[in-house]
Amino acid sequence: MSIINTSYVEITTFFLVGMPGLEYAHIWISIPICSMYLIAILGNGTILFIIKTEPSLHEPMYYFLSMLAMSDLGLSLSSLPTVLSIFLFNAPEISSNACFAQEFFIHGFSVLESSVLLIMSFDRFLAIHNPLRYTSILTTVRVAQIGIVFSFKSMLLVLPFPFTLRNLRYCKKNQLSHSYCLHQDVMKLACSDNRIDVIYGFFGALCLMVDFILIAVSYTLILKTVLGIASKKEQLKALNTCVSHICAVIIFYLPIINLAVVHRFARHVSPLINVLMANVLLLVPPLTNPIVYCVKTKQIRVRVVAKLCQRKI
């Protein structure tokens, strides 16, 4: 360890953190964590399977929901290897190249999820504001084009991350703050000038903030449209179609905002709190989104139950 921490030796291996102070209980902590990953993967896989196999769900809203499920699957699978290696096998080491690759996929799928939530907010606005032209505007081809464009946009946005991190020198510390690699966490360990990473990281965070602002704008327009509907029953019916999406937005953005505030203003907070919040960031959205959409979306719920009943028969 003395060689690794020497300032004259460039670091090529990082050490991730499990639960600080609870290392003795990692094997027991792995049980709920592995269960959450399993439920998230099965839940999002089920959403994708139901939408693919049910022709009646081949509509814009459900295509966008399948995009959300794919981004959730990507988030889960990106962090899964290091989390399992720490809690199951007590192996916190990760090579620098593997770390840079992991942070690319984690940030890429996070940006993609933010983009999908933005698309879904405009989808809900269009469905409520102009229902007669909804299907003619959002055709299958146009939905596919939107999905491809936003996927490329998400990956291109984070593509510089691993290359800028790779150009930095790491020669003092090699202990990261989480169970997986994040851009802002890795760049803090650099002993060379990391201003480019700081600026580009801020730009990436700004893009997420723009998505959030546009989602808020779309819901302001939705609320304005709903208030213009004469019937209270129709107002509630229109708003009810947005509940699942609003829950998904809160579940995704709230942990990001909390973690950003902690990193920026509460630097002396307990490392355990830091790790817990970071794990919530990647575990909770993929875990809860399928549950929320199955519970609140009748079309999904009915078909999931029907598939389960068929298997029992």
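Note that Cβ sites are derived from N, Cα and C of the backbone, with glycine treated the same way.
Judged by Swiss-Prot topology annotation, Ala101 lies across the membrane from Gln299. Most Cβ pairs under 8 Å to the transmembrane segment (28-48), among the stretches 57-77, 199-218, 275-295, belong to 275-295. The candidate set comprises the disulfide-bonded residues Cys99, Cys191. Of these, Cys99 has the most other Cβ atoms within 10 Å.
The transmembrane segment (239-259) makes contact with the transmembrane segment (102-122): 3 or more of their CB pairs lie within 8 A, with pairs spaced 6 or more apart in sequence. Taking DSSP states H, G and I as helix and E and B as strand, the topological domain 'Extracellular' (78-101) has 16 helix, 3 strand, 5 coil.
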